[in-house]
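Scroll down for the structure; my scribbles are underneath it.
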Amino acid sequence: MSTGEIEPPKAGSDLTKELPLGKIIKLFQHPDTSSHHDRQIAQLRRIIRHNPAGYQLKKLPDLQKIMLLALEKLNDGVSEFIKPLTQLVYLAGHPFHRDCSNEELTPNGLASIQLMYECLNSFLLTAEDINLQAAAAAALTEVAQGKTPPGTTKAQAEIKVLGVLGGVVANDQRPKPRDLNQSLLNKSGVVAGCCSMLKTVSSIMIEKLDVMMEAGSLGYVSDTSDEEEDDAPMEGTIPPSSPLTASLEQPSVPSVATEASASTVAGATASLADPASPSPRILLMSLLKLLSEISENATNSAALVSLGGDVTTMAIVDRLNDDRDSVLNLCVEILWNCLEHSAHKLENSSPSTSRTDLVKKRRVGNSMYTLAEGVGVLCSIFKELLVRGFRNKDKETRNEILILSSLIARNPRSHPYFVSSKFVRCMCIYATVAEVGTDPDGDGEEVDHVDPHNFATVSPADIELKRILWGLLSELCRADNDVLAIVVESPLIEALLMYLDTDLDGDGVVDNPEYVDEEVAPEDVVDEDGDGVDDQLQQPAAIGGSGANSIIARIPRTQLRVLQQQALMVLLNLAPRAPEKFTMLGGPIIVLRFLDWCGDSPLNRELVQGALMLLISVVKLPGLQDELAQMDAMRIMLGRFNDKSSPEALRADAVRIISRLCAGHQGNQEILRRNTGIMPLVKEIEEYNRHRRIICGKPKVSATGAHVEEEAEEEEDGGGSLMGGSAKETISPLIVAVVDTIWCAVIGNNRSEARFLQCQGQDALLDLLEICPRLMRNQVVGVLADLLQNKRCTPYIKSWRSDRSMVSAVSLLCRLWEEEEKRLKKERCDGVITNLWKPLGGHEKGMPVPETPTDFFNEFGKMNLDLDGDGIDDGLQTTRKAKLVKTLTAFKKLEKALAAGAKRGGNLEQKLKKGMKNEDLRGKIASLVGSIGWDEAKKDLSAHEKLTLTMVENWLHFTLADEWMRVRDILISEGVKPVSADALMVGSHLEESFATASALKACQGKLHREKQQAIVDEEEGFFGSILMQRDQEIHQLQIKKKASMPKSLAKRKAEKEAKAKMLAQSTVHKGDAVDKGPGVDVRVVDDGAEEKKAE
């Protein structure tokens, strides 16, 4: 219905004057006037004329009552109410007029709007006229679109304060009209009512078609002309046992619909089934349009799926006999929205807290699960569109069908239906027919009946078809072995390799044309049909024979680049799963040539990355190391690695291929050495070392200057951080790949090791060990341990000193040992072992130690000691703990599953953390120090380092003791009493370990005392140096004071001294004087004053 059918207001009428809606309600309800239908219709028309643009929000309760009263009159048989009531319903879909800006958000406003939506839902469910029901559906569709209410300003508008421009109004965070309306539609039961009505209408139409087919003639008369695509009839049958039609046989009625009487529903059903009545297709189209709008909201889409709306929609698609019907487009849009929202909810929702919630989320509310059985329907529609769909719109619909199939394929429940419906075989045929011929699978059934214009052109729609087919087949092969077998038997891999063949035109010459931008249309573009696509692109390619590559040669260069990238990704999935066929078709050679053909252009970096990843996955296949080496693969990979302008990830992939080419292959190792490939590896490590700081043995410092530890990392990683100096530090994939290449391509080859030493590679590895993140230490120490198997390398490591800290290699390894003990939470108290039975285990201060191994067993074969002092028999406690561990296994698995669900697709660092968390680096350190020599290693070490070295030296012996202790623990946990011979053997080994540990403890105690004495001596020396420095400073101050004395003062002192000397010489001695008269004694004091004393 269009707005032109609304009766306009009379000339000169005042639309601002309020209508007496209360009197109109009384006109319908009063016994004296309830039968005055003419007056009632006139009042309805008056309301329509008074509200041409929609109703006022505050009048909605009264209008809702009037509409329901008029509906009762219509259902009573007064057909004159149809037209005005239809117009009233149509106006209810317009945005409501507000008296204030937030009136619709007030409690009264929300209640009024919800009442009106419930009224429209009642019209949809209980009205006996199809046109009225269609009008209600159209009004609800307009409501779901969420048009802006009249008089609403933009979220950001300029305002004036007292006539002065005051700025921009900020967004007040009010909900958008569309979101608000969608929420109210769900609360008012519109979603449930629409799903129920869709089931009813579709069931009636299917039943009517089945009856006509049994009579021998469909006899369906369309209500519009055949030229309109929207009026295509529905035909076909659905098996009664089909689950897609099971929900249509007995449509469920929601709570709003149950309020209507059974006679009303029966009357509506009879009206729909009556051939003389309007076509149910009108109502069906209105309902589908409403559902397409409702399904765009995530909450309403989930409710639609729970009510079976998606299954009903799929059943309607199954009954269509015209693939150009607009009903198909509406159904595809509804299904797409449901599947997309279901996939998003599963990926981003939190874990379910109960089984009910899990079933509801994974099955009842999961459209990918409920539509799994509809794969056959999509397959049939896809085939019909391939046969008859030559228009660009038909091709777009065909591609959308494949997208629906891709979304459904995410649920494993659908995979058997892809195989049973032969959908996989169909996709394989049309994914390869343009490249390999009309009989791609060789079964004798050709596809000549399909026009190549429909799928085998180079138009964007057909290119997109190819990409979707490849991607869908790849995902299915990843999850289902039956699909993989079908795909491997098909020529899909062969067709994919054709897109990587560098000789695109088949002339035997490698092509390397410049890339052309397809978006710039040439001057000679011919588009006679006006569809926006060059008619030359829509010409079919030559199918089969020698011209099979013609379609590839005719694809625009930018689109070809996209297809090549897609082909590489699909082959990356298929090649490891079908290595025999990939190798038989020469896939590795083609990919290597393609990689060399790509060159250094930045536009080809994504292609280069894909080709490298593909080679990494297949290079270890039997025979490929020799074959790729003959194709000059080493030169190509070294060129990629040495290209500093390339991204780090690309260079890392290139060096990984070098590593796998050289692993266990002497010939490729020699080729690498002859191509000067060892020096770039060492230079890369040196460049990495140059920009990092020391990590090993350096504690973290807080803002206050105190040493702190990474407590959070210790809790997560089991003691000590696995990373470097920062918890946010990431691992460089390139440096990891370089070290791995050295391990595989250099270590073990005497000539390569000699070249490696000449390039100072061992020094670079030791520098790397000092500054690398802790996740890399296992790798670097392992390389050094294997390298030192060559005795020529020992002098180099003995003479090495760090350029940053000047520590020796043994000192560095001792620091690594201590940090590893800390990470594993097996630190020694003050460097001395206390647990003599498990020297490599935890060492708590004050731990009681049994005297003999026999103390671990009593006569019943259980532990009889309370080692932790808690008053509980540790034997019984161990048994209980073992049972508790078995009980909690299921909960641990659940925790892992939840963690995996929360962190999908972990990165390289997380994988390394998980793999290295339980790895013990101490064994490699012991092997490395043992290669240096224990006597040589003890030289120039401090007492603290010697404490650690004693543990390193006895690692192998203590590891064997731990294994015997583990045997004892197993016997105790299982309550097994060993026989005398076994108990004696276990005890003898434990006694031997205990004796060694006791001797070691005594030695460590002596070293510990030396360490403490060295600390005391160091402190005394420190304080002595401070005192000496103080004395030296005082002496320097005195010298400075004398040197800085003024010159005039020195002269005055000299004069005074001379005068005093003169006076002393002129003094008369006692023996020489005759008269004893008064004399004068003159003395010079420090301040220069004369002191006179009379004698």
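Every residue, even glycine, has its Cβ placed from backbone N, Cα and C.
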Q) In TrEMBL, which of 221-260, 501-540 is tagged region 'Disordered'? A) 221-260
Q: With DSSP as the reference, give the number of residues of the domain 'Cilia- and flagella-associated protein 69 ARM repeats' (21-143) in helix, strand and coil.
A: 92 helix, 2 strand, 29 coil
Q: Would you mind splitting the domain 'Cilia- and flagella-associated protein 69 ARM repeats' (734-843) into helix, strand and coil residue counts from DSSP?
A: 69 helix, 4 strand, 37 coil
**Q.** Averaged pLDDT score, the domain 'Cilia- and flagella-associated protein 69 ARM repeats' (734-843)
**A.** 89
